[in-house]
Amino acid sequence: MVSSVERPPTIPAGSQLILRCKDFRVYQILIPQERDCMDVHASLVRLSRPEKYSELYCMSFNPNVNKEEREDSWKLIDLMADYKRMGVPNNLWVSTAANSEYRVCDTYPSELFVPKSATPAIIVGSSRFRSRGRFPALSYFHQDTLAAVCRCSQPLSGFSGRCQEDEMMLQAVMKSNPGSEYIYVVDTRPKLNAMANRAAGKGYENEDHYTNIKLQFIGIENIHVMRSSQQKIIDVGEMRAPSMTDFLWGLENSGWLKHIKAVLDAGVFIARAVADEGVSVLVHCSDGWDRTAQACSVASILLDPFYRTLKGLMVLIERDWVSFGHKFSHRYAHLDGDPKEVSPVIDQFLECVWQLSEQFPCAFEFNERFLIAIHTQVYSCQYGTFLCNCQKERRDIRLHERSHSVWPQLWKDRAEYTNPLYKAEQSQSQGILRPNTTPYCFKMWKGLYNHMEKSTPPRQSPSDYLSTVKEETQQLEEELINHQERIAALMGKPITWEKIEVPRRRTSHLGQRHCGPDPPSTYTHPITSPTQDNGHALSSEPVNQEAQTKDPALSLPLGLHTHLKSQDPDDLSACSDLESGVADLSSRSSSGVDEGKDPNETASPPPDWKSKGNH
Amino acid sequence: MSNTPIFKAFCCSSLGTKSLPRCLQPTCFCERTSVGRQQLKREGKSAVRVSAQVMEFAELIKTPRVDGVVLHRPFLPTVEGTLCLTGHHLILSSRQDNTEELWLLHSNIDSIEKRFVGSLGTIIVKCKDLRVIQLDIPGMEECLNIASSIEALSTLDSVSLMYPFFYRPMFEVIEDGWNSFLPEDVFKDLESMTDEWRLSEVNKDFSVCQSYPPLVAVPKNVDDETLKKVATFRHGGRFPVLSYYHKKNGMVMMRAGQPLTGTNGRRCKEDEKLINATLRPGKRGYIIDTRTINVAQQAKARGGGFETEGNYPQWRRIHKAIERYNILQESLIKLVEACNDQSHSMDRWLSKLEASNWQTHVKEILTTACLAAQCIDREGASVLVHGTEGTDATLQVTSLAQIILDPACRTIRGFQGLVEREWLQAGHPFQQRCATSAYSNNKPRQEAPVFLLFLDCVWQILRQFPCSFEFSESFLVLLFEHAYASQFGTFLANSTAERTKLSLPEKTVSLWSWVNRPQELERLTNPLYEANSLVIWPSVAPQSLLLWEGVFLRWNRSSKCLDEAYEEMVHIIEYNKELQSKVNSLRRQLAELETEDPLLQTP
């Protein structure tokens, strides 16, 4: 995780090392002996830049499981099952063996889906006309409209080049969507960049050569722009006691939110085309493994509620990123290499998902912590999932035999990563998401870029609070059933399992929830309820008062409830179980408040305020 | 006078959806049937006044009703219907059941714009609560008439023509809000904690300080004569009074107007005596001047100034930089303009947000409040806060410091008390400050979003400590709305003196009477609340301070998904509570059954 090690000048107390990590944490280490410090420095410099895959942690990491379990770990996420889920193969899209043994395109997966009318000759011909041989293949099929999201790399068109097979390939993509007469070709690059590529014999589709395509440029910047932009926003997060002007200016100057917006806009465009117009979309950038992966995966998130679940996001990343040859090793500097290849491509995808979760608090099964956990795993190489740059490379180094998959681990910890507000049957959890991409809807992702703030006592987090409440509710539900059964039994119906002890494990971590290293999830308080939106002019209206919404689910089955209420409620104190319940309730109080802390850290009147006392 | 008058009168606001035609008479507000002697008496007195004013309104309303008007509102379907103007309301109704009507107080209208396409006129109404609605009115003449009527009715000069004087509550007043937070009652709490303070009546006829209430808390050993002398040495006669007593360590926060030292360095022994009387032996206190040292220096030329070290050796002065009101108003206008910017450019948005400086003000005010709270709670020192007049920035600081220090202020009732004490009774000139909002074309005179900034700061703390406040964001939004336009008299006038002169407690209904009813309280309650007796230290780092979407983006984006999330949150908590009680009942039942039948008792 170490991205750089600095050795500032020695101070009297010893020598310092400043470690900058890939998850944007910064550690300062004080070593009393300068000699030791130099040794540590040298070791760290070498160790943080592994040159071979075999040096990476995942190759030696052994989570104490046997061979079968390791093999199973790689099977948790099954891409073919997901294609099946979206209805593929069918009479429009079929599996092709063209790329078995990675013959046509070495950075693509071996199993791919293409339009039914695309013959192997067309595929091979098309791939010769595409950068790195990355021919158009299916990313996502939308069953409701039969429109599809396909992906490829830029055509090798230069200024006037054309390729019959490639034109037929695009025609085939269109034909695989019976309802439409054209397809969108989304070039996610700024138009200028795409035009410049023509000089190098690459470029974009000429609308005169391809019948029935509509070309759309989105304007996501290239990896170099993104790299420097992220560095700037990291700097903003690390600023010490910035003024509001410094902060907002830094935010603007970094351009980061602008780039996030561009990625989200690309996804929104594709999702609208597919869901609203029923038109298939072919997405590419230059090589079709960075911006294309971003745009396709954001579109899938918007289009399909499945990808908003824990499992779904894993599948999506496995498909659009891992299998389609996103260059993890280069982008996230797993091995010592060209620093110009490094770029926060998947960071931006994860942030888009976070920004969406801020707008749609009930739409995602997972919480912010899950996104940050994935982010960490992408960089850490503790597991083999994100190693290498493509499937072929993974096969060649026998990655699956030598390392473990990260997904089972994340799945095991899913309780940690669950969003308490997620409800599968809610409207925002279903169908297509239509986010607002007006600039004011984007916020800086404090959870990722502001570790400084995180180190101070975490604030109260409603979502953690709710998770605890939900956990408790579940226990109560179990207890309830149990009691009912026992009562039934006591009333004269002997049930054999009546002695089952109520699982009343009140976990001790309730009180400590907020002390861990996890970021406090931010939660936007809802805007005032719609009844109030009519303003006070209406508030004197009796009509208005009826509009108060009451969740019907809140009321209990009436019969039982009234029956219970008829008992003497003052007798509660006699029950010791109840008392323990009350105590637990109070202990879950999610107070991030810590009186014992130095207020200079928390309430940030500048620590030097005293000096300002004298004029 | 009864403390709980029960009004069952009807006025225009009481007419339901179906009875709209009666509203077509612009004078409908006087159509009342009253029950109760109190009300009858009042009717008699006000009848003459009302009828005179009916005439006045009638003259202003050139066209009382227009049919076929189309209303466009953000995120709501357009409504076609009849537009009616009454003395205080703009009403639009489709005259169909189950469709919502628009009732807009004229006093809520900040500005209007007219546009014409052929004979179809369009009026864009921009409200003080930042909402923008559009009315398409067929007919050039009607449109012009409506526009000029609205303009006239929304800019009435006389306070006594305001709606609160005509509004009669449609709800039963359980507790008269005008009597809920009287200084003498508040003082009783103080007396139970300390005997170092007394309630002075020196200002009972408002002759010592126009903007103070008749009763103020001052150090016990300082007599009224001294107070009178000090008043001549403080801006606006605002001599130092008690703002907050910190129970934990007995430290206090006081507030005042600036000392009138002038360029000659005038001094006032009584002033020194007064504030020194609040210090424990050997202790030092802090004077927080909300202005920068430069601004404070400049104030000397106009007769103002600050406490010099020489004359106040026991006090250490700290200068902060909270802006004056005219700058704040400019900021609000720029911010709202930025929020309404239609361009999709991120750079433009961020630079406009930055240029508005709004967030800077929020940060500055919160920082100063934290500082005051820190001096009291951490340094164990007493604090005196003042700026120039002591009616704006001073109150922002003293009230926010109490939110931080005092858990009681984070309850619904406690917060009302805080607003009442530190804003209304402390003489924040609401009428001047809230006369116009962000859309007004008039040149601002004394308008400024001082109170809105305070609410924004409270929201920032609430967002950082979502479980420590009994009220939810909607209470803050409600206060913002009512400060600018309301059917209640609470925020009318600039001081207790003016309120007394206008007989507001007798002639209008208090907002607190409306709020403190179970059904309203339920709506304003924060489901996450768990009493937290600790001091809460908010972060004032720029990353921690967000734009208050609930006010500034409220009309710009749909809140549907966030509302759903809120409902879900409430549901989770309520369900848990219900389950809890149900399980408890079952446990008891089980215990009973088991004692009845010892054979089946579980080991």
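Glycine is no exception: its Cβ is also placed from the backbone N, Cα and C atoms.
Taken from TrEMBL, the feature active site, phosphocysteine intermediate applies to A:CYS285. For A:CYS285 (active site, phosphocysteine intermediate), the same-chain residues that are 6 or more apart in sequence and have a Cβ closer than 8 Å to its Cβ are A:SER153, A:GLN154, A:ASP187, A:THR188, A:ARG189, A:ILE220, A:ARG291, A:THR292, A:ALA295.
Long-range Cβ neighbours of A:TRP289 (substrate binding site) (same chain, at least 6 residues apart, Cβ-Cβ under 8 Å): A:THR107, A:ARG134, A:SER153, A:PHE324, A:GLY325, A:HIS326, A:LYS327. Feature annotation from TrEMBL assigns substrate binding site to A:ASN222, A:ILE223, A:CYS285, A:SER286, A:ASP287, A:GLY288, A:TRP289, A:ASP290, A:ARG291.
Residues or ranges marked as compositional bias 'Polar residues' in TrEMBL: A:521-534.
The domain 'Myotubularin phosphatase' annotation in TrEMBL covers A:73-449. Taken together, the residues in the domain 'Myotubularin phosphatase' (A:73-449) have a mean pLDDT of 94 on the 0 to 100 scale.
If you look up TrEMBL, you'll see A:504-615 marked as region 'Disordered'.
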Worksheet item: Widest Cα span across the substrate binders A:ASN222, A:ILE223, A:CYS285, A:SER286, A:ASP287, A:GLY288, A:TRP289, A:ASP290, A:ARG291, in Å?
Response: 12
Practice prompt. For A:ASN222 (substrate binding site), list the number of other Cβ atoms lying within 10 Å of its Cβ atom.
Written response: 15
Discussion item. At a 10 Å cut-off from the C-beta of A:ASP287 (substrate binding site), count the other C-beta atoms across all protein chains.
Written reply: 19
Worksheet item: Can you list the residues of the same chain, besides A:ASN222, A:ILE223, A:CYS285, A:SER286, A:ASP287, A:GLY288, A:TRP289, A:ASP290, A:ARG291, whose Cβ falls within 8 Å of the substrate site's Cβ centroid?
Response: A:SER153, A:THR188, A:ARG189, A:THR292
Item to complete: Note down the number of other Cβ atoms within 10 Å of the Cβ of A:ARG291 (substrate binding site), including every protein chain shown.
Response: 29
